[in-house]
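Notes follow once the structure below has been shown.
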Ligand SMILES: CC(=O)N[C@H]1[C@@H](OP(=O)(O)OP(=O)(O)OC[C@H]2O[C@@H](n3ccc(=O)[nH]c3=O)[C@H](O)[C@@H]2O)O[C@H](CO)[C@@H](O)[C@@H]1O[C@H](C)C(=O)N[C@@H](C)C(=O)N[C@H](CCC(=O)O)C(=O)O
Ligand SMILES: Nc1ncnc2c1ncn2[C@@H]1O[C@H](COP(=O)(O)OP(=O)(O)OP(=O)(O)O)[C@@H](O)[C@H]1O
Ligand SMILES: N[C@H](CCC[C@H](N)C(=O)O)C(=O)O
Ligand SMILES: [Mg+2]
């Protein structure tokens, strides 16, 4: 049975609903006879565009009470509807109209939230469903991933409510009935998912990011909690990784209990903590991934090779498994799902090994990885995961930057995390967007230098303007047994500078540089800096 949607408040008469062609929050896309919902934004208040929406033929305008009051004062006859939470109304109406015009929603839609790991969990869940013989899709940072060719929604991790409803119903009509969506904190705060009928949701972790938007960690976490305390219907699966420690885990567990959600915890058992539904007893890194042993409800399962590197990817895969198993799943199904884990593929641009660089006869090759780490915690986790892949005598290098027009406070923390986890650090540009790249590098560098001073270490730290130049230097300097992590941009195919996106692909460039270097000569590799650690 599909979960019931919350009611549309204020409601519309059925005969009005019947004839509505569309709903939009953008006055520029109003269609005659449609509804315009005025939303507050970072740059404008949508209520400023009510006249344009009416001129374009909007039959109804929905806005917050203050905006309705203000507009009514000068336009007493305007068709205005006052609503305390217009963004939620938009999402509910988008779902209602998609159902009327496109057909039913997919049978099973699941959401994943958390600072890091949403894309990976979503991709693993899509793969698990496929292995179960189901037609599945994911919607998130990688766009729409599915075996069915459909237009991709706009390039946001969580598309706006209208695009989301339309994409989900298109998928259902194309026979895709299992869909996982990434729930970003922006998306949750802006109610982009409020209309989606959900069967389950997972929470990966909560660490520093996006404080430019949310202000405090408390507000950031509260935005993510909306998924569980407001959006999930009773009976749905609520799953979390043990990495979501302390007060947030407690709050989530209590919410699940009080709302009648089906609670599942996965990951390593913390000291004195609750025994996870699916517990990691052991995860030993190996060249081809990691050797894993799990326990389900306290019962040890046979060990297997999880063919994906990165300890955190195992947590993400287990969260995916918890979301794949319907409430009430028994031992047989869990064992079958666990059996799928050894067939999962890595996620594009997440701890992805792009090249092995030979170092001459008898010497260990250098390994080059690309990863999407763009937060302090992600850098720490991925560097920890790569450390065991450094051969004796080798070193761990990281190239990183930080994105412009995003949380400035995380930059020095990212520099510090890089110094703690790597042996050599090259600081360069990520997506500068509308900021001065040199100023962003400086902020990362300050954190790196402060951490190095605090640790009384002499690790190499270099600043290189231009990402291509930084990658070139890093690859040129690799020696036997080294590991290089190219962090921050993962699967991205472009670099955002100002309003333009310039072609740039970490994976392709890293592999090409390694290939060129391998062809070049037998000469001993140069140190990128000329210095000795
Ligand atoms: C900060 C943020 O989330 N901004 C989103 C927001 O834009 P905004 O607040 O700037 O909107 P605005 O320009 O002030 O306009 C306010 C309202 O007026 C309307 N308007 C505007 C102009 C006009 O002529 N007529 C009109 O009706 C707009 O449609 C809007 O409803 O609403 C827009 C329409 O849905 C989004 O495209 C936009 O995402 C921008 C592009 C963005 O970069 N968002 C990022 C930060 C984001 O959402 N990221 C998360 C991932 C985070 C993670 O990694 O966890 C994501 O889900 O992608
Ligand atoms: N469970 C995890 N714990 C900590 N770090 C993780 C975890 N999963 C992934 N990461 C790190 O975060 C990076 C981004 O992973 P992923 O794309 O899956 O996360 P995301 O939450 O979708 O990110 P975004 O918010 O940018 O969409 C990875 O490349 C890795 O460095
Ligand atoms: N979804 C994240 C992606 C960050 C990727 C990184 N390359 C950057 O540009 O900061 C964001 O929009 O904050
Ligand atoms: Mg993502």
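Placement of Cβ uses the backbone N, Cα and C atoms for every residue, glycine included.
From the candidate list 387, 395, 406, 408, the residue TrEMBL records in the meso-2,6-diaminopimelate site shared with 430, 431, 432, 433, 488, 492 is 406. Broken down with DSSP, the domain 'Mur ligase N-terminal catalytic' (23-77) shows 23 helix, 11 strand, 21 coil. According to its DSSP assignment, residue 433 (meso-2,6-diaminopimelate binding site) is in a strand. Ligand 4 lies under 6 Å from the Cβ of 118, out of the recorded positions 116, 118, 224, 432. Same-chain residues with CB within 8 A of the center of the 406, 430, 431, 432, 433, 488, 492 CB atoms, the meso-2,6-diaminopimelate site residues themselves not counted, are 374, 401, 402, 403, 404, 429, 489, 495, 496. Cα-Cα distance from residue 117 (ATP binding site) to residue 488 (meso-2,6-diaminopimelate binding site): 14 Å (rounded to the nearest whole number).
Calculated from their C-alpha atoms, the gap between residue 224 (N6-carboxylysine) and residue 114 (ATP binding site) amounts to 7 Å.
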